[in-house]
Amino acid sequence: MVKVYAPASSANMSVGFDVLGAAVTPVDGALLGDVVTVEAAETFSLNNLGRFADKLPSEPRENIVYQCWERFCQELGKQIPVAMTLEKNMPIGSGLGSSACSVVAALMAMNEHCGKPLNDTRLLALMGELEGRISGSIHYDNVAPCFLGGMQLMIEENDIISQQVPGFDEWLWVLAYPGIKVSTAEARAILPAQYRRQDCIAHGRHLAGFIHACYSRQPELAAKLMKDVIAEPYRERLLPGFRQARQAVAEIGAVASGISGSGPTLFALCDKPDTAQRVADWLGKNYLQNQEGFVHICRLDTAGARVLEN
């Protein structure tokens, strides 16, 4: 039996639309992500468990884990009879890389079960392909950090899909999921087909400056450059209370904030534990909309997807 855990991730990070993402893990030790178990069997089966299992498609072939198994078998050129279990702990359409968690855990578990026939680069390419079936286009800003850990910059040149960017140990990521769903496809459809020249220049300046600040170890500058001129001005209308929440967390002391992925999760970066706790308390009282919502104080998950049992 192989059991693999794949962590939540926060894509875009305001400054890097479709090219930047970070894996995150709660500081209290909770596992924020999906778990997939693979066992040898006579025929294929898939069982769904976990807090958000009831939100999965009722038709098994529409389940992304089934599609991962099917695509992996195709890659190896043979049928692999296994019993798979998906522990769906991540809300769907949350902006926390929910589909990436399932895809990464499923493909990594299959690869481990079969003795690692695929290298990490090929595996990551498959992960991007499968996750793209749900989000509508291939982009690696969730699957890369989820699989490899840390903060990842998408390269997609010279056979390099992504490379790690150094983060800051003092940064605490407060993630508030309000309990409503925003589909990635819907959030992409709301974006303009073309952008003004000054917005393109500002975006390039912010992203280049952010990467420079990370490598030159300037956390204050890095946080100051986490601005989004590409998606947030258009997507915030999909998120009730988002603008007020951003203003409130800034007043409490967050050094940066924005939409996690395509939303509705809000992220707020803090550089002090007491500030992070106050931000989390405010968001828990004011940004959450129902019982499915939650707030976690997180750090970068530098390990990425990992085998829990083998």
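Just so it is clear, glycine is given a Cβ too, placed from its N, Cα and C backbone atoms.
Listed features, source Swiss-Prot:
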BINDING   PRO91, ILE92, GLY93, SER94, GLY95, LEU96, GLY97, SER98, SER99, ALA100, CYS101  ATP binding site
Please state whether DSSP places SER99 (ATP binding site) in a helix, a strand or coil. helix
Suppose we draw a 10 Å sphere around the Cβ of PRO91 (ATP binding site). How many other Cβ atoms does it contain, all chains included? 22
Starting from the ATP site formed by PRO91, ILE92, GLY93, SER94, GLY95, LEU96, GLY97, SER98, SER99, ALA100, CYS101, give every other residue of that chain whose CB sits within 8 Å of the mean position of their CB atoms, in sequence order. ALA8, MET90, ASN142, GLY261
Site of maximum Cβ density within 10 Å, from binding-site residues GLY93, GLY95, GLY97, SER99, CYS101: GLY97
